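Data first, discussion second: the structure below is written as structure tokens.
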């Protein structure tokens, strides 16, 4: 609740301090904001590549060279891949040690100095830490598999097309893997995507934003034929944060199941998946949640879909069909090997195989940091951090008329409608030139050809001073190449 009140203050209260302060462009001003940052200590818990690191051609460290004083890069790409927590190595080393000295008995043998429970229970530890990040009950969350795999598993359970209801509503510019997953699910049920796939396209191609009213209108237009709506909580290209609560309630009032891809939202904004009554959701953990490339993902199933009571071994009418595997089975009977599937309650009952303990350690290493920082404080800082970057971009150089800007910010300007990411559409032919300048300055961002860059300050490790420098670099390089 705290960050929502904070958001309201930003929207309706006096301007943020840097809006009317000419000093906002100075290093000293940015450093004064950093000095007041309650999350500033967490930056030291991440390994930030140096400019020298980025140019390395070998991985082995030079033991004769002290690179601790090398300037760090400015890493604004946490929306693509988060940085490595320093604790990740400790977690993985402890796992490797357990495997080395215990072998298979490591599944059940506790240790006084363990960071995670024995192998058989690591998924429980992951779910416990993940739940508050996405606003869920612990029983509603499972850390498992990968994002697209989990979307397929969830749609296999929740997409139950009938003769009357068979359509899936999705963004026209959804992340390609989501698009492919929906297409293949429709074909799996012997239907054609051209008939069963409803694409919500931007009304104005120059402004690729989907308004809530537009989404609700599409829901109304397909109310009698849609079985499922699957949207991104935060749109990967524009950075738009959709009104999950309103859209979910409206679609459900029409009898439509609602799922959300939270890849760009988990660890970024303060989600409340349980309170918003979301049917299901899935996300990856390697972006803002820093679990490493291709790291283990997560899924959410609302508690009302997780009941598994049975009588005489038979599942009751409320049991939600799913693709099943032994790790989703009840722990008390899992090793009986009697081929009688008794699922765990909640999201855990959707698990298939035993999880990779190696990957789980990488996830938990980062989640432990989130548990100490809290999503409320992370979101509060993010609102200010992204707002500061936006201010620098739209006002620098001070004497430049707005109509002469060599870029357009296509992310909504309303803080309630975005997370940490700002997407900039550059003028024709500027992309490669701007990227070259930023690379030389050690500024790491993300590109989406032919003309968009995505800049994402992560509250746990980015600073106002970095944004002061990088924001001016971006604006200056754009103008310099444009003029």
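Glycine is treated like the rest: Cβ placed from N, Cα and C.
These figures come from a predicted structure and were not determined experimentally.
Swiss-Prot names 147, 148, 175, 176, 177, 178, 261, 264, 286, 326, 354 for binding pyridoxal 5'-phosphate. Of 225, 232, 382, the residue it gives for the same site is 232. According to its DSSP assignment, residue 232 (pyridoxal 5'-phosphate binding site) is in a strand. Under DSSP, residue 287 (N6-(pyridoxal phosphate)lysine) is assigned to coil, being neither helix nor strand in the three-state scheme. In the structure shown, the C-beta of 232 has more C-beta neighbours within 10 angstroms than that of any other entry among the binding-site residues 177, 232. Per the record's binding annotation for pyridoxal 5'-phosphate, residues 147, 148, 175, 176, 177, 178, 232, 261, 264, 286, 326, 354 show a top Cα-Cα distance of 31 Å.
Using a 10 Å Cβ-Cβ cutoff, residue 326 (pyridoxal 5'-phosphate binding site) registers 14 neighbours. Proximity of residue 287 (N6-(pyridoxal phosphate)lysine) to non-local residues of its own chain (separation of 6 or more, Cβ distance below 8 Å) is seen for 78, 79, 80, 81, 82, 263, 264, 266, 267, 268, given in sequence order.
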